[in-house]
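S.K.: One structure, pasted below without further comment.
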Amino acid sequence: MAFKVFAAGALLRIALIIYGEWHDEHMPVKYTDIDYSVFSDAARYVGEGRSPYTRDTYRYTPLIAFFLVPNCFIHPAWGKFLFSAGDVIVGWLIQRICRRRAIPPDTATWCMAAWLFNPYTATVATRGNCEALVGIMMLAVVNFLMARRVVPAAFLFGLVVHIRLYPIIYTPSLLLFMDHHFRRGSAAFLNRDRVAFAIISGITFMALGVAFFQLYGWDFLQETYLYHLSRRDPRHNFSIHFYRLYLDFEDSTEVGSGLEKFMLALPQLGTLLVPSLPQARVWKNRCPPCLSWGLYWCLAGAVAGLKPGGVVVAGLKPGGCGGWLASRPRLSWLQVCLALKAV
């Protein structure tokens with residue numbers, strides 16, 4: 001049964017990619033994510049021996065552009081197949097984690113199916129979004145740690161933080177997982193496993209950063225990391241601070257005083273210290289800006305965790321985002337009407 005579910009999930013994504021290619025040619029509103037065009041252009045520049053940051057708005061690690069270089073000589077949809085394959089592997093990892101937690105095979109298969117046939121996750125990957133790669137690596141980290149294999153888990157964690165900074169928020173949960181129950185004789189907080197995990201993941205992150213800095217200089221640091229630290233996005237934002245950012249976005253001055261920024265940061269700093277993986281994920285929803293791919297990671301953890309809290313997150317988070325998105329057209333039309341009235 002598990003193989004049939006896995007194969008059906010793969011075929012679904014192939015069908016969606018084929019449909020997306022037809023849709024893009026015949027419909028005014030494209031199926032393909034705009035970021036995929038940015039990835040493809042950056043990959044073309046890399047294939048020409050130039051910097052991926054030659055492409056405006058490319059604000060990702062060069063690894064993404066490297067992965068998509070075959071777009072230029074195999075097929076423009078290569079990256080979509082790559083990301084979709086990763087999305088299917090996420091489903092397999094969910095089943096594997098469930099089995100490690102002694103969950104019955106049929107239930108574990110249903111958990112995998114909940115991911116593979118979720119329309120949100122399927123369309124995210126087939127539209128050309130790279131979040132499936134982050135999902136693979138984060139669940140692989142959890143899977144390796146459950147098998148007490150610290151070295152590959154630490155390497156992957158350093159790699160995934162290089163690709164996306166946000167997974168660093170899982171550090172407290174991962175370190176707290178490696179307690180005296182993880183390995184006998186590891187009662188001290190600074191035990192061998194935690195030190196090894198920190199050193200290996202840190203070296204991996206720094207080595208990749210130094211290598212790409214040597215290749216692309218300050219463009220790499222600015223576009224990949226520094227830009228996101230100062231980013232203000234009033235549109236693609238699920239943060240609870242959205243409306244505050246939206247109202248002040250047109251103001252050229254910096255938003256808020258130092259005290260205000262500190263007060264806004266307190267919830268996310270507080271939830272970082274909560275010693276549980278689901279609570280660590282909550283921090284992401286309280287950080288401005290919080291984008292839609294945060295839902296992607298929450299769903300992966302919630303389904304794999306199979307806990308009451310995880311089930312609540314998996315059920316309520318899409319509903320909340322759906323309600324938020326339903327109000328966006330009205331807001332956009334209101335802006336248009338006000339602009340026309342001003343004219």
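For all residues, glycine too, the Cβ spot is worked out from N, Cα and C.
Checked TrEMBL, it gives:
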- 1-20: signal peptide (SIGNAL)
- 130-147: transmembrane segment (TRANSMEM)
- 153-177: transmembrane segment (TRANSMEM)
- 197-218: transmembrane segment (TRANSMEM)
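Can you walk me through where each of these features ends up in the structure?
M.R.: Residues 31-32, 77, 80-81, 84-85, 87-88, 91-92, 95, 105-106, 108-109, 112-113, 115-117, 122-123, 125-127 of the same chain, all 6+ positions outside the signal peptide (1-20), place their C-beta atoms under 8 angstroms from a C-beta of that stretch.
Away from its own ends, the transmembrane segment (130-147) comes close to residues 35, 39, 60, 64, 67, 79, 83-84, 86-87, 89-90, 93-94, 96-97, 100-101, 124, 153, 156-157, 159-160, 163-164, 167, 170, 174, 177-178, 182, 293, 296-297, 300-301, 304 of its chain (Cβ-Cβ under 8 Å, at least six residues beyond either end).
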